[in-house]
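Participant: Quick one: structure below, then a few questions.
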Amino acid sequence: MGCPSEHGQMITEPLLRNRKGGIRTLPFILANEAFESLANYGLFPNLILYLTSEYRIDAAKGAHILFLLSSAINFTPILGAFLADTYVGRYRMIGFGCLASLLGMVLLWLTTFPEARPPPCVQSSYNCKSATTLQLLHLYTAFCFMAIGAGGIRSSSLAFGADQLGTSNSLKHARIRESFFSWYYGIVAASVFLGMTFVVYIQDNIGWMVGFGVPVVLMILSSLSFFVASPSYVKSKPKASWITGLAQVVVGSIRNRRIKLSSQATDKVDYHTTGSMLLVPSEKLRFLNKACIIRNPQEDLTPDGKASDPWSLCTVDQVEDLKALIKIIPIWSAGMLKSVNVSQSSFLVLQASTMNRLITSKFEVPAASFSSIVVLVITTWVVLYDRIIIPLVSKVKGKIVCLNLKQRMGIGILLSTISMAALAIAESFRRETAIKEGFPDNPNAELHISAMWLLPYFVLSGLAEAFNAIGQNEFFYTELPKSMSSVASTLQGLGLSAASLVSSFIVSTVRDFTKGEARESWVSSNINRGHYDYYYWLLTVLSLVNFIYYLVCSKSYGPCRQEKWLHR
């Protein structure tokens, strides 16, 4: 508001005058991502109830299916980014993702018709029919297309929006680019919250057919929002992907494994690009240095100075990029293991569905909507921390005060550990209430215990994400070279994907080891007979071990760039 003339000049310059791209295309890209996120996050929270109640799938098996689905949804954007950058381009990747997501949601909506799922189970009968192979194939096919579609859209949406703003580094362009990123993340957060509340409420109160039909409509709007502006988009051509560059270093090191390295000065020449600040590789992970050694200039280089075979000779920058990635893997793995706790949302829905969720005498919070508390906590804490706490403490101290990135990540892992302990305590009281009230064999009975017992877990989990997840993203961006910014943006999703697989393994192991002929497993479909409290205590112990592991990794990593800057 203070610079209207500057703003007016900003929007009349090339970003609006060009026939292709510019800020006129951004609303369509933002709408595409907003509707897609609203549709997907409106479907996922309630799927565990849909699988257990309509398909009569065991709770542990249902969670296993959703762990795999979550892993696929978080991994496919990495594959999509590689294909978009290297072969097909971002426009085609997003377009393909829209169509795949729409097809997946239509197929899932079709499962709500009686012919596509098992017939209703009569309570007086013990011969309830399970889903047929064809019905399960239909369901899994829908999940596959949804995962593929999410990978197509999420892998390229943000970068495609940045493409529309050009590559200029002027202050005016930088301000618009920063504004776009802020709007992007803000809209995604709002969509996630609305999906977990509005869409979930429809599923609980109107039914699965309408509840799954709404995301189909939202996905149609997402696709139309994207394709309607197709003539106006800047469509950058694909180029070499960072994955290819890192793979070339590994292959080059193996091919040149017979080269002997010496710590003393030699006449060996390292290959580097013109203008590069890195002329020689570092001494860490020296085996990789073999990939950038020029053995025979006549054979290894073309007349214009480029590598004849990039799979045998790489630049010093490529080698150092891979070393930087390897260096952060231990800290990334600690964050990944922390995400195992976040992956337990399916079981939480089953718990909350048996508890008293009434806010007023007429309004009941859907069981799957409790996860939206995490989003609210993250948003609230970020505002408080950035705008109130840090400025206030800095003013009192008389200097800039802030937690460094490693401290923030460590606090997040510790809070996540405490959150699992709080969840174990809440489940212990819930299970005890179910037995006292005479419902040990009725896992669907509503108990006289408030769902607010779960509130400490969601609040602590939200704070853990605010500290660790946001801190991790910033850590990756600051520690990796600028040339690897796209790598930094995918590591978080890769961690969530790996965490879902680890969660699936833990659940399967717990189920197999704790189930006997005369006893239910800890993760039984009958949550009143099972011992989910023991399962959560196990995760608490594993989280504590992970916290100690993180402290070791943090100390061995040494000071990060932010710490060096703060101590100057």
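Note: Cβ is positioned from N, Cα and C throughout, glycine not excepted.
Quick paste from TrEMBL:
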TRANSMEM  63-84  transmembrane segment
TRANSMEM  91-110  transmembrane segment
TRANSMEM  139-162  transmembrane segment
TRANSMEM  183-202  transmembrane segment
TRANSMEM  208-229  transmembrane segment
TRANSMEM  365-385  transmembrane segment
TRANSMEM  447-470  transmembrane segment
TRANSMEM  490-513  transmembrane segment
TRANSMEM  534-552  transmembrane segment
Participant: Residue list, the transmembrane segment (208-229) vs rest of chain: Cβ under 8 Å, 6 or more residues beyond ends.
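Facilitator: Contacts with the transmembrane segment (208-229): 25, 28-29, 31-36, 38-40, 42-43, 46, 50, 54, 94-95, 98-99, 101-102, 105-106, 108-109, 111-113, 153, 199-200, 202.
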Participant: Hey, would you say the transmembrane segment (139-162) packs against the transmembrane segment (63-84), going by three or more CB pairs under 8 A that are 6+ residues apart?
Facilitator: yes
Participant: So which of 63-84, 365-385, 490-513 has the most C-beta pairs under 8 Å when paired with the transmembrane segment (183-202)?
Facilitator: 365-385
Participant: May I ask for the residues of the chain that lie six or more residues beyond the transmembrane segment (365-385) and have a Cβ under 8 Å from a Cβ within it?
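Facilitator: Cβ under 8 Å, 6 or more out: 45-46, 49, 189, 192-193, 196-197, 200-201, 203-205, 345, 348-350, 352-353, 357-359, 451, 454-455, 458-459, 461-463, 465-466, 470.
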